[in-house]
Structures are given as structure tokens and as C-alpha cells.
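Okay, structure first, notes after.
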């Protein structure tokens, strides 16, 4: 065993003319890796075809290595952040051709080998920043020494890494169906019924899988390890329900989220007080988040919830054999309110201005006069994001978050009535414009492309100009572009805090206006327009805004873009 472990470490530091390769499934060495996973704990080696879990301290990078001997080797590397966003990058460094010293073939000291690798910069292949499960996949990777570096800038956190040179045959993560959404099929004052399509891993491949449902009141989770990090290591898993019975997967007396006692503040991540000496403390389920694994059922009812309360629901399909999991697209729902809510009327084709208090609720009613096949809602969230639910004749047909501009098209029914519920953000008040119509071709909102980002061309950037481009549509609209100088610390969070997205170009200074023009294209694939903003100062940052103005005079702003001119040209 000692000799095998030393051979494995040798993969990191190939010093002879014959390099070691990333271990494969057919090698006895890899079988040892799978059996003895403790060998990889806190090791810099990434095993082939096994998911590893590790821990990151804040602002302290962690590095992993593996060697690929042959060119055109398939390669897949997947990183799963748990409870904090990660910054990670994968780079490639050529393997040393000969041994150290005078060709004696004796290995260099371990620390000297590590220092040599750290000092030699490799070519960056891929980088990512965020909390999504992200992968680097290449059907034919070159030989060399691969470096994986991870960093957490927010807090200490857990993460998982999976790497393989046989991605086509591995399929380590359970597959999602063609429609991976979790649907709310029934909603009451105290109950929510969820349904989702089965995973092909279970229904077709017949591999051992189970579904786990996570319920909380804060947000959806992008991975099961993120939910488990929130649960905490001391929380016990719930057992599957008995056949034919749906049940609430936790102590409902505590899931009502009782208010803390007077003079006390309760932290979401706080732990229960330590047990008294001599007494065994059984794990208590958390009141703010719960997880239940229900076997292979794909319908589940959560009951005994609080009326008028927002809950978030996530479903994960887990492979019992490999202990890996995949997240469905989560959803959220608010249990029905008690009677007595005030409701405002929406007129067909008219824009309504709606103000929602912080964490407040507003109800709007839309009752089309004529028969209709479709109903279109245009929503422009001016400040913070807003949660929207739409019910048709009492049945929930839509529930999602809206930030910026969103067009929601729903199937209509004769004499149908629609109830719109708007929920304000916990961060602040929400202001929005909303338009409901059964005639989407006749409205005062401009048509928008799916992507409203502004693209900046770095290679065309000079000391006095910047070139940007954005997408248009088949409808002829007026576009106006504005610029504003900002300091170097201007970021996305500050941009959102300071700007009311519904304010039009009439609120901007004349000196900030660059130009206005009309643009459209019959071919949506070619509906791209570009402009060069000139007269800028060297080494300065500028906030660029593009407004599209509809026929009725309503304007919508694209996502702002910060560009920096070059200091030296």
C-alpha cells in the first residue's frame, strides 16, 4: 500500500522522460483510490472518476493537480460550490522532459518539486466565478500537468470536485429529464403539492436513485451540498414516508417559525445550546430549513404550513451508489392568504404604476372583456426584484422572480379572470410598471430581445473611445445611448442601488447623451448594432446606458455596462 501511495503522489511530479498519466478505470491503482478515499483527504491529487469534498478558508487559495500523458484525451472537471460563491480556474502546464540533477533519476525533494510547479505559470484554459455547478469539458485535451485553483472571497466554505478522463462512460451525476422544473400542482392555505418528471437515471437506466426535497423560506439552492451546508452537520436526515402516505417532513410545531422571545435575537445559523453534562442531546431539526428524502416518488405534498407565507422548494435526484446528486429547477410558492385582501383592477392595454412596500404584498385583477387565446403581461421592475404569481380562475399558472423587464405570455381561456400577486423584496420597496393585454401587438412597451446586455469590445478600446454593441429586434425602435463617468470602484451592487430602472432618458443630463438612432432587422440573427463612443478621457471608467423607446413613449433601459479606456496608447 505504501508503494502504491507513493506512485500516486508521483503523478503530481513527473520527473523522468516517461511521464505518469491520469489514472484510469482499468488500472489497479485507480481501484485503490476508490477503496481508500481517505487517502485523498487534503491531498493535492485529483483522482480519476471519484468526487472529492474539501474545505476552503476565506481568501486562502487551494490548488489541485493531475497529469495527462496522451494528447487528445477526453477531460471533464466539475466544481460544485456549497455555501458560498467560488472563484476557480483550470490551467495547463507542459510536463518536464527530464529528471532533475545530473540525470541520476533520483526524485527531487518534495518541497522543491512543489515550489517548481508553483513558480511556473500555466496557460489558463477556463475560469468561473459564482455559486453555480460549473464544468470544463473537452473532447480532446492535450497532455500536460493540469492545475485547478479555487478561492473563496466571502467566507470559509465547502466544495466538491469531480474529474474524469472517461466522461462519456462515467455519467457520475444523475440525469435530469427534458423538463427539469418542479411544478406546484396544488396550493392551499397550509399545503403545497409538488410534482416533477422522473430522472432518466432511475426510469431508464434503472440505477439506484432517490429524490430529496428541501423546504425553506429564504431562497432556492443550486446544489444539494449547499442545502446540507445550511442544514448543518448535526441535523439528522428524515426517513422516507410509508407507502401511500404524504406527510410533513418535520415537526410542524416548529416549522411555523415562531418569533424569538422578547429581547432575544435568533440567528438562522445559530446552534442549539450545548447539552447538560451527563445527558445525550438528540439532533433537532432546524426550523428554517428542512430536508426529506422520499425514495423514488415524484409527487410530494407538504402540509401544515403557515397561511400567507412564502416557501422555496428544491428537488434533488441523488445516486445512492456514487453519492452524487443533481438539482432540478426549484420553485417557490406562497400559501393562500386569509380573506379580505384589497385588489386593484388592470385595464387591457394600459400601463399601471404599482408601489409595493418592503416585504409587502399587492393584488391586481385582470378580467378581459372579449374572448382571448393569449394574455401577455409586461412587467418592468424599477428598483428591487419582485416576486409574481398569476392565477387563472383560482389555479396557479405562474410563479417566478422578476428583475428588470420581463414579458410573460400565458394561454388564455374564454371568460377567464386573472389574479396577480406581487411580493416586495426584503431588501427594500419595489416600484414597477405593469401592463396586461390580450392584444400583444398593440401595446406601448417596446419589444425587447431575450438578451439585453451591452457588449464591449476590448480589442477596439482606446485611450479616448470605446466600442459597444447590443441586440435589436424585428420591430423598428428608437435607441439612445448615454455615458457617465464613474470612479473605479463602481460595481454592480452600487449600480443597482443608485438607479431607478424605470427612469427614462428625459431624466439624464444633455451632456451625457451620445446619440439616438432607429434600428431593426428582419433577420433576428443579424439584429445587432454597434457604436463607438468617442471623446473619452484616458484611464477613466464610464457607465454606458442604452434606452429603447417604444411607440407609446415608454422607454426601457438595457443592462448598464461599465467600460474603461486605456491609460496608454
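Glycine residues also receive a Cβ, built from the backbone N, Cα and C atoms like all the rest.
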96-116, 117-137, 138-158, 159-179 - the range that TrEMBL marks as region 'Disordered': 96-116
Per TrEMBL, the range holding region 'Disordered', considering 241-262, 263-284, 285-306, 307-328: 263-284
Averaged pLDDT, computed only over the residues in the domain 'Fibronectin type-III' (174-325): 71
The domain 'Fibronectin type-III' (446-555) - residue tally per DSSP class, helix then strand then coil: 19 helix, 41 strand, 50 coil
